[in-house]
Amino acid sequence: MNGIRTALIRNTAARRVGIRGVLVRGAVLTALALAATFALDPYRNFQLATIAATFCATAGLTVLVGWTGQLSLGHAALMAAGGYGYALTARALTEVGVGGAPRFLLSLLAAVLLAAAVGWLLGLAAARLRGPYLAGVTLAVVIALPAVATVFSPVLRGDQGLQIRPDPVPSALASIMVLEQWQAWVAILVTGIVVTSLVAVCRGRWGLWMRAVRDDETAARISGIRSGRVKVGAFALSAVTAGVGGALLCFVTQSVSPGAYTLAFSLLLVVAVVVGGLGSVGGAAIGAALIVLVPWVLGTLTASLPAEAAQRLSGNLPVLVFGALLTVMILVRPGGLASLRPRRRRAPGSAAPASDIPAATVAERSASASVAPAPAASAHRAADEAAVPASLPTRTPDRKR
């Protein structure tokens, strides 16, 4: 009994230490990103804010696909839900004279609630579907987005979308930063809080449950894990992060429209997550940077070409590059670009973090614990065996002659 209790105490302590380390690293990286905005010009700060908003979506997607094993091809629709929720609430609050931080926080809350509701509905479908059927359902959602915007055009303004007024820089910071830097600060702070919280949740018990459902859903159910609830929760959690990303993108660009969340963009999110490193939050950050920077770099390179050739390449060349990157990474480095970073060795005897424990062992540990002999019975059995003299011969079963 003491051994089991000691193991549980060590596991809980290691989990707390791991979560504490996640919070510290998240705070340090967020502070470094905020400091970097002072060295960038307004356009680079705009790009940094866009990367931060996209990072929210890719982080949630890599948890959903890499940790739970549920393929979503319609994550752009969840970002659109967050963007429209933010824009509609911001416009309504502006009409009644509410602005500044209250308008931003209330609009962000509305975006989270709307995206969570859509994600919860998709999670209910995910609890009953899997594989290509689930991918087809999520694909249908993003395909139906333009039609939904057209049907509800009096509210959503159809293909034109919604525009909002930009939030001005607070008067206390107006002397040291411009609007683009302020937007980058807001996007980085919100993204840092959301992604750090996401990683902390995945390092705990929920992360183990998600990995167990991904590796062997039947074994997870036998061990007492409610796989349906885990799938719905994972979809809702991923939808919340995607909704925050869509709200931040609307905050930065002051607009939201169905043309920004197309099927191509939704597939691009999946490709970026795989290229960056499926199941890795660092890989999700790399994928978000690729989504924003690759089209810009290619546009800069093709600017010197004739106008007709540059126009043809501007829309097709990024797709070709991402397709080539996906093919190369699958063949050469299936773990993505994040796997290029060497892993730090743990000290002997130290407990592994929750994310490093093989998910297949979660159900096995639970199942073995349910059939393990009671500690008292094991102690009596050991005492009886110790009472038998070593010199006595052991009895062997009679064999048939």
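The backbone N, Cα and C atoms fix where each Cβ goes, glycine too.
The annotation compositional bias 'Low complexity' is assigned in TrEMBL to 371-380.
The region 'Disordered' feature in TrEMBL is assigned to 371-401.
Residues annotated as transmembrane segment in TrEMBL: 21-40 (among others).
If you look up TrEMBL, you'll see 46-66 (among others) marked as transmembrane segment. Tertiary proximity for the transmembrane segment (46-66) is limited to same-chain residues at least six positions away from its ends with a CB under 8 Å from its CB atoms, namely 33, 36-37, 40, 72, 75, 78-79, 180, 183-184, 186-188, 190-191, 194-195, 198, 202, 210, 234-235, 237-242, 244-246, 248-249, 251-252, 269-270, 272-273, 276-281, 283-285, 287-289, 291-293, 296.
The list of residues near the transmembrane segment (73-93) in space but at least 6 beyond its ends in sequence, with Cβ under 8 angstroms from a Cβ of it, reads 57, 60-61, 99, 102-104, 106-108, 110-115, 118-119, 122, 135, 137-143, 145, 155-156, 162-165, 238-239, 242-247, 249-251, 255-256, 258, 260-263, 265-267, 269-270. Here TrEMBL flags 73-93 (among others) as transmembrane segment.
If you look at the transmembrane segment (105-126), the same-chain residues 6 or more away from its ends with a CB under 8 A from one of its CBs are 70, 72, 74, 77-79, 81-90, 93, 98, 134, 137-138, 141, 190, 231-240, 242-244, 246-247, 250. If you look up TrEMBL, you'll see 105-126 (among others) marked as transmembrane segment.
Long-range contacts of the transmembrane segment (133-156) within the same chain: residues 70-77, 80, 84, 88, 118, 122, 125-126, 162, 257-259, 261-263, 266, each at least 6 residues beyond the stretch ends and with a Cβ under 8 Å from a Cβ of the stretch. Taken from TrEMBL, the feature transmembrane segment covers 133-156 (among others).
Positions annotated as transmembrane segment by TrEMBL: 182-202 (among others). Sequence-distant contacts of the transmembrane segment (182-202), counting only residues of its own chain at least 6 positions beyond either end whose CB sits under 8 Å from a CB of the stretch, comprise 19, 22-23, 26-27, 29-30, 33-34, 37, 40, 45-46, 48-50, 52-53, 55-56, 59-60, 63, 67, 104, 108, 166-167, 169-170, 173, 210, 237, 240-241, 244-245, 248, 251-252, 281, 354-355.
Per TrEMBL, the feature transmembrane segment maps to 232-254 (among others). Listed by sequence, the residues of this chain that lie at least six past the ends of the transmembrane segment (232-254) yet keep a Cβ under 8 A from its Cβ atoms are 46, 49-50, 52-57, 59-61, 63-64, 67-68, 70, 72, 75, 78-87, 104, 107-108, 111-112, 114-116, 118-120, 122-124, 126-127, 163-167, 183, 186-187, 190-191, 194-195, 198, 201, 206, 210, 260-261.
Long-range contacts of the transmembrane segment (260-278) within the same chain: residues 57-58, 61-62, 65-66, 71-77, 79-80, 83, 139, 142-143, 145, 161, 246, 249, 284-288, 290-291, 319, 322-323, 325-326, 329-330, 335-339, each at least 6 residues beyond the stretch ends and with a Cβ under 8 Å from a Cβ of the stretch. Per TrEMBL, the feature transmembrane segment maps to 260-278 (among others).
As annotated by TrEMBL, transmembrane segment applies to 285-305 (among others). If one looks beyond the transmembrane segment (285-305) by at least 6 residues along the same chain, the residues whose Cβ comes under 8 Å of a Cβ in the stretch are 47, 50-52, 54-55, 57-59, 62, 268-269, 271-277, 313-314, 317-318, 321-322, 325, 336-338.
Annotated transmembrane segment per TrEMBL: 317-336 (among others), in sequence order. Beyond the transmembrane segment (317-336), the same-chain residues lying 6 or more positions past its ends with a Cβ under 8 Å from any Cβ of the stretch are 264, 268, 271-272, 274-278, 280, 283, 286, 290, 294-295, 298, 302.
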